[in-house]
Amino acid sequence: MSKHVEQLAVNTIRTLSIDSVEKANSGHPGMPMGAAPMAFCLWTKFMNHNPANPDWVNRDRFVLSAGHGSMLLYSLLHLTGYDLSLEELQNFRQWGSKTPGHPEYGHTPGVEATTGPLGQGVAMAVGMAMAERHLAATYNRDGYNIVDHYTYTICGDGDLMEGVSAEAASLAGHLKLGRMILLYDSNDISLDGDLHHSFSESVEDRFKAYGWHVVRVEDGNNLDEIAKAIEEAKADERPSLIEVKTTIGFGSPNKGGKSVSHGAPLGADEVKLTKEAYEWTYENEFHIPEEVAAYYEQVKQQGAEKEESWNELFAQYKKAYPELASQFELAVHGDLPEGWDAVAPSYEVGKSVATRSSSGEALNAFAKTVPQLFGGSADLASSNKTLIKGEANFSRDDYSGRNVWFGVREFAMGAAMNGMALHGGLKVFGATFFVFSDYLRPAIRLAALMQLPVIYVFTHDSIAVGEDGPTHEPVEQLASLRAMPGLSVIRPADGNESVAAWKLALESKDQPTALVLSRQNLPTLEGAVDRAYDGVSKGAYVLAPANGSADLLLLASGSEVSLAVNAKEALEKEGIHAAVVSMPSWDRFEAQSAEYKEEVLPSDVTARLAIEMGSSLGWAKYVGNQGDVVAIDRFGASAPGERIMEEFGFTVQHVVARAKALLENK
């Protein structure tokens with residue numbers, strides 16, 4: 001292909017981006033204008049992908065971590081033949097379009113990850129690279145490299161200022177993820193102005209210290225130098241950072257190289273001058289020259305041929321390794337093996353076990369029948385009970401290991417989990433103390449937004465943590481996560497509810513699940529022995545009916561359910577008929593029919609007392625105007641857990657007193 005056509009193809013990306021932002025009167029033109037050459041080079045000369053099948057298993061992954069530059073990605077998707085029409089580019093940032101302001105996974109064909117919150121794209125790419133290495137180590141055989149793709153990312157200065165990218169880059173270097181290549185759009189400009197006001201470190205030295213291969217391209221418009229750098233990166237066994245020096249808003253005579261081109265349309269006059277600088281002789285907006293369209297058609301055809309070659313290889317693989325191939329297909333489709341849950345542990349009345357421990361037993365049981373179960377903890381596996389026994393650690397020396405040591409990198413763990421789930425082929429879990437869920441909350445939010453079935457194991461879920469004190473005792477976290485759309489929060493009351501929660505989490509294909517688990521032992525509840533799965537799946541159920549017509553409902557989740565049962569028994573001795581409702585999952589309960597809700601929370605029983613060792617926020621919906629809540633609306637304290645619970649009123653005596661007061665005030 002001639003240099004002239006290459007330059008024309010690059011400028012087509014630029015002008016499509018400019019025109020789309022201009023028409024929307026909203027957006028970020030500067031980044032696509034500066035980064036177009038590196039993106040063009042990557043997408044047309046290196047990336048293995050088939051626009052006709054965006055879900056090809058062994059495609060190279062591309063993440064635009066600098067998601068504000070979304071028109072760069074949309075232009076490439078359209079030009080290379082993905083199902084994204086020119087009309088969609090013209091409807092950039094409009095209601096109902098496939099071209100939202102920031103890329104959204106599942107919304108636009110070819111978009112691999114929802115990005116925009118800076119830094120997370122880098123960390124998700126690390127997760128994708130981890131998934132690729134694990135699946136390659138698990139399924140590849142001599143002569144059959146069915147998983148051997150690269151993960152490419154384009155990021156900006158803002159991405160590399162974010163802490164999550166530092167956490168993830170540290171992990172990637174440690175794991176020697178050589179199939180991850182990060183192209184850094186280094187333009188020395190941030191939204192507020194020149195970068196030197198806030199960022200002056202040597203990114204090159206920092207990434208070398210992480211264990212990365214680093215190369216610098218001085219001229220971001222030099223396609224040959226960019227290609228040479230990518231070739232070097234592919235040949236290196238370490239993850240690679242390619243710093244490409246660019247000019248934001250390249251070509252704009254008055255706004256190029258300035259922050260003013262970052263997040264606003266150029267304006268009609270500047271657009272005209274910019275296109276003249278590109279020697280763009282076409283008058284129509286959104287114009288694609290014929291020779292450019294013809295070139296991109298060749299790229300599309302090459303992608304189809306690459307997938308066809310892979311399909312032929314996989315057909316041979318299926319003949320040589322039928323069982324392995326079947327397992328691989330099941331995993332990449334997100335399905336579970338037949339009979340996988342037959343190994344589920346169960347607990348009898350009389351046995352006490354912390355839900356973190358029953359969770360660990362469930363995890364280990366299901367790991368035997370679900371080989372794609374993969375994950376770990378942010379340096380708390382022994383406390384979270386998330387070690388898969390008998391399995392190796394995932395490491396630079398053994399990528400087949402299923403136990404991931406994320407280190408004390410909660411945010412990177414959450415984002416990497418998203419990347420693994422986006423990659424496909426794995427059932428992913430990650431763990432930490434519940435109070436530290438705040439550290440990865442932005443990643444949880446993206447998981448919910450992308451509808452990714454990742455599993456969070458959050459242990460040490462209340463003031464019962466005890467001696468570690470208020471820094472480690474969650475109070476507001478439960479209400480906070482319940483407020484997040486699309487996230488299923490399950491706080492099981494005993495071992496059987498805990499196992500049911502794991503089953504539901506593993507069965508999910510389109511929703512993340514947070515398991516909120518106790519540190520302290522909890523008794524096995526008689527009402528949950530045979531009904532835990534059905535009850536947890538519906539979010540709430542009558543665990544212990546009243547002895548006769550109910551005078552009072554006791555509502556609780558997690559460790560407080562056994563307290564409610566004990567309070568019920570004390571009340572019954574005084575002739576007060578109370579029913580106990582276990583409410584492990586509000587979001588699941590809200591999805592039930594009105595009839596079922598009435599069955600669990602009969603409207604004629606207005607005396608309702610909720611019991612939960614967390615914020616009272618949200619309980620009013622269930623207890624009503626005549627109800628009450630035993631909760632915690634202050635921070636905890638440092639003392640033995642039993643003493644703290646007593647001081648905060650989580651005793652049978654206090655609950656009974658509150659219940660009787662409630663009935664007296666009716």
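The backbone N, Cα and C atoms fix where each Cβ goes, and this holds for glycine too.
Site annotation for Mg(2+) in Swiss-Prot covers Asn187, Ile189, and the matching candidate from Asp157, Asp159, Asp205 is Asp157. Residues His28, His262, Ser383, His460, Asp468, Arg519 are given by Swiss-Prot as substrate binders; from Arg59, Arg61, Arg356, Arg409, that same site also lists Arg356.
The candidate list Gly143, Gly158, Gly211 contains one residue that Swiss-Prot assigns to the thiamine diphosphate site with His68, Gly116, Pro117, Leu118, Asn187, His262, Phe436, namely Gly158. Of all the binding-site residues in the list Ile189, His262, Ser383, His460, Arg519, the shortest Cα-Cα distance to Gly116 (thiamine diphosphate binding site) is found for His262. Within the same chain, residues at least six positions away from Glu410 (active site, proton donor) with a Cβ under 8 Å of its Cβ are Ala378, Thr432, Phe436, Tyr439, Leu440.
Considering only the recorded positions His28, Pro117, Asp157, Gly158, Asn187, His262 (substrate binding site) has His28 as its nearest partner by CA-CA distance. If you take the Cα of Asp468 (substrate binding site) and the Cα of Pro117 (thiamine diphosphate binding site), they are about 33 angstrom apart, rounded to a whole number. The substrate-binding residues named in the record, His28, His262, Arg356, Ser383, His460, Asp468, Arg519, extend over a maximum Cα to Cα distance of 48 Å. Candidates His28, Ile189, Arg356, His460 (recorded positions) were compared with His68 (thiamine diphosphate binding site); those inside 10 Å Cα-Cα are His28. A C-beta separation below 8 Å, combined with a sequence spacing of at least six in one chain, links Leu118 (thiamine diphosphate binding site) to Ser65, Ala66, Gly67, Gly156, Gly158, Asp159, Met161, Glu162, Ser165. Reported as a whole number, the C-alpha separation between His460 (substrate binding site) and Pro117 (thiamine diphosphate binding site) equals 29 Å. Taking the centroid of the Cβ atoms of Asp157, Asn187, Ile189 as the Mg(2+) site, the other same-chain residues with Cβ within 8 Å of it are Gly156, Asp185, Ser186, Asp188, Ser190, Leu195, Thr246, Ile248.
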